[in-house]
Amino acid sequence: MWKSILAIALGAALGALLRWFLGLKLNSLLSSIPPGTLLANLVGGYVIGAAIAYFAQAPGIAPEWRLLIITGFCGGLTTFSTFSAEVVSLLQEGRLGWAAGAIATHVSGSLLMTLLGLFSMNWMLGK
């Protein structure tokens, strides 16, 4: 149990630090669709897709690795709450087109990156 808790906590801390760094460095570049938040969600989508594919091919790997990467790291990195707050802010400002664009970009981009992660990991593993 303690190994699982430690794996999740470590992964979450690393993911949250990366999300904070991306926001710090990139979000000021474009206020309408902050690129740090978008990149965090896209990278998280790719990583979770690749991890799912990898763990499906490596059933003998310790479960703590899955907890560290998927539950911890991807959970700490991706940010639905920040994305939601940014969209609500755009709506409150009357920027409906930007809000719709942000929703479409985050959702479709994250789904596509998850698929890309799955396919690329399966390709690398020869599956």
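Heads up, the Cβ atoms here are built off N, Cα and C, so glycines get one too.
For the transmembrane segment (4-24), same-chain residues at least 6 beyond its ends with a Cβ under 8 Å from one of its own Cβ atoms are 34, 36-37, 39-40, 43-44, 63-65, 67-69, 71-79, 82. The transmembrane segment annotation in Swiss-Prot covers 4-24 (among others) and rests on sequence analysis.
Long-range contacts of the transmembrane segment (36-56) within the same chain: residues 15, 18-19, 22-27, 65-66, 69-70, 73-74, 77-79, 82-83, 86, 105-106, 109-122, 125, 127, each at least 6 residues beyond the stretch ends and with a Cβ under 8 Å from a Cβ of the stretch. Swiss-Prot lists 36-56 (among others) with the feature transmembrane segment.
Among the features that Swiss-Prot reports, transmembrane segment is placed at 68-88 (among others), with the record citing sequence analysis.
On its own chain, G75 (Na(+) binding site) has I8, G11, A12, G15 as residues at least 6 apart in sequence with a Cβ closer than 8 Å to its own Cβ. Annotation source Swiss-Prot lists Na(+) binding site at G75, T78, citing sequence analysis.
Feature annotation from Swiss-Prot assigns transmembrane segment to 99-119 (among others).
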